[in-house]
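According to TrEMBL, the domain 'Amino acid transporter transmembrane' annotation covers 37-428. What TrEMBL records for 73-95, 132-154, 166-184, 191-214, 226-248, 260-284, 307-330, 350-367, 373-394, 415-439 is transmembrane segment.
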Amino acid sequence: MASEKVETVIAGNYVEMERDEGDSKSTKSKFSKFFWHGGSVCDAWFSCASNQVAQVLLTLPYSFSQLGLLSGILFQLFYGLLGSWTAYLISVLYVEYRTRKEREKVDFRNHVIQWFEVLDGLLGKHWRNVGLFFNCTFLLFGSVIQLIACASNIYYINDSLDKRTWTYIFGACCATTVFIPSFHNYRIWSFLGLMMTSYTAWYLTIASLIHGQIEGVKHSGPTTMVLYFTGATNILYTFGGHAVTVEIMHAMWKPQKFKLIYLIATLYVLTLTLPSASAVYWAFGDMLLTHSNALSLLPRNGYRDTAVVLMLIHQFITFGFACTPLYFVWEKFIGIHYTKSVFKRALARLPVVIPIWFLAIIFPFFGPINSTVGSLLVSFTVYIIPSLAHMVTFSSASARENAVERPPPFLGGWVGSYCVNFFVVVWVFVVGFGFGGWASMLNFIRQIDSFGLFTKCYQCPPHKA
């Protein structure tokens, strides 16, 4: 009975907001609501799926060349499951935190709840500081990766400029995301983003099968421990896109309905990543070890150029996904989070883009940077910290008794969830952070030694006169 009351409280403010949005009968209001104001379960699903696949779709064949086909498939399935579980934990902790606060009459209508605030409210300032550090650092480099990907992709249809120059240009373009207020306003972008990656994934699959295997193709992977664990951590990164789960939930009218959304999004993403990575690896084999962007190996034609353009637009969208939580943190830090003026908030957000722009120019290593970020940041941000936080939050008998959301019965209740959480922490710390961090850093350092910092054109073919 208490649970039913809590759900009513959680959904209350959002129902009022939705009703306010729908009061106007004007054409402008209806148009705005259809394209701009999204808070449904479908909106959340599109946001999760669109944000999860992103540019990593183009680096997964590279990971398969490092891992081998069997390990590549198994790691995708395994980390997809682990990622769905920890996204569920984050949603449980969000609902728990929000319920406790709304019982204290706190109104979140003009405040976006973030992961570090959930940790602060449930576990204290030390957890908040750790969560804030890892989350912000991951999102910072996640945004950097999108800029690098933009430059890498556009080069394959226009090589008149080097990749570094393209990074300057797309840094300016991506800075326009400062005008998008919150995840509540990503409705049309999330939908379009997923359509774009769906096209690109099936283009990679079909084009590779039509192209056929190159002459003398070799499938040597895995050949070294460094390559093996580098590839594995790139897949860890692939299914660790839920650093923005709390913000996506908060944008929903009824966030308690989130529960299985991330799992369903993951299942759809697997229908894109498994066929495309397998087909490209089958066709090109070990060539991928020196071509981290799968698009670089396929012949140029209208279909490939379309895929490049669509991925460019999608990377702009994903840049916004990764940067928006950073915008919120910065707004709260300088005290303008409650300002209703979109223009004032946009101006205040601009300083966040500058370090992202700069880092993308320093480390333009498309592919290797994914693995490094995955092992050192994603491992803690979206796997270890949520699992530990769930265990500590519900460590006392009273906390378990009064929990808003109880663990699924098929897992064995609280005991089963604790066992799963413990496994996630140990596995990701040892394999993801430990072995993965060692391998990814070695690979990353090799890129610096081979190409140097601020390199003008990472992995570019010799330019024809």
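Note that Cβ sites are derived from N, Cα and C of the backbone, with glycine treated the same way.
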The transmembrane segment (415-439) vs the transmembrane segment (73-95): three or more C-beta pairs under 8 Å (separation of 6 or more)? yes
Go through the chain and flag residues at least 6 beyond the ends of the transmembrane segment (166-184) whose CB is under 8 A from any CB in it; none is fine as an answer. 37-39, 47, 112, 143, 146-148, 150-151, 154-155, 244, 247-248, 250-251, 312, 316, 319-321, 323-324, 327-328, 342, 345-347, 349-350, 352-353, 356-357, 360-361, 364
Contact yes or no, the transmembrane segment (350-367) and the transmembrane segment (73-95), 3+ Cβ pairs under 8 Å, gap 6+: no
Per the Cβ filter (under 8 Å) with a sequence gap of at least 6 from its ends, the transmembrane segment (260-284) is approached by 41, 44-45, 48-49, 52-53, 57, 60-61, 63-65, 69, 72-73, 76-77, 80-81, 83-84, 87-88, 91, 197-198, 200-202, 204-206, 208-209, 211-214, 217, 219, 238-239, 242, 245, 291, 294, 297
Which residues of the chain, 6 or more past the ends of the transmembrane segment (73-95), have a CB below 8 A from one of its CBs? 10, 48, 60, 67, 113, 115, 118-119, 122, 231-232, 235-236, 238-242, 245-246, 249-250, 255-256, 258-260, 262-263, 266-267, 269-270, 273-274, 277-278, 382-383, 386-387, 389-390, 393, 404-405, 420-421, 424, 427-428
Find the member of 132-154, 191-214, 307-330, 373-394 that has more C-beta pairs under 8 Å to the transmembrane segment (226-248) than any other listed stretch. 373-394
Per the Cβ under 8 Å criterion, with at least 6 residues separating them from its ends, the transmembrane segment (191-214) contacts 46, 49-51, 53-54, 57-58, 61, 272-273, 275-276, 279-280, 282-285, 287, 294-295, 298-299, 303-304, 306-307, 310-311, 313-314, 317-318
Outside the transmembrane segment (132-154), at least 6 residues beyond either end, the same-chain residues with a Cβ under 8 Å of its Cβ set are 54-55, 58, 114-116, 163-164, 166-167, 170-171, 173-174, 243-244, 293, 295, 308, 311-312, 315-316, 318-319, 322-323, 325-326, 329, 355-357, 359-360, 363-366, 369-370, 373, 377-378, 380-382, 385, 458
Same-chain Cβ contacts of the transmembrane segment (307-330) under 8 Å, 6 or more residues past its ends? 47, 50-51, 54-55, 57-58, 112, 114, 116, 132, 135-136, 139-140, 142-143, 146-147, 149-150, 153-154, 156-157, 170, 173-174, 177-178, 180, 182-183, 186, 189-190, 192-193, 196-197, 199-200, 203-204, 243-244, 247, 295, 337, 345, 348-349, 351-353, 356
So if I exclude everything within five residues of the ends of the transmembrane segment (373-394), which remaining residues of that chain have a CB under 8 angstroms from its CBs? That is, six or more out. 82-83, 86-87, 89-90, 92-93, 96, 119, 122-123, 127, 130-131, 134-135, 137-138, 141-142, 145, 233-238, 240-243, 400, 403, 414, 417-418, 421-422, 424-425, 428-429, 432-433, 436-437, 439-441
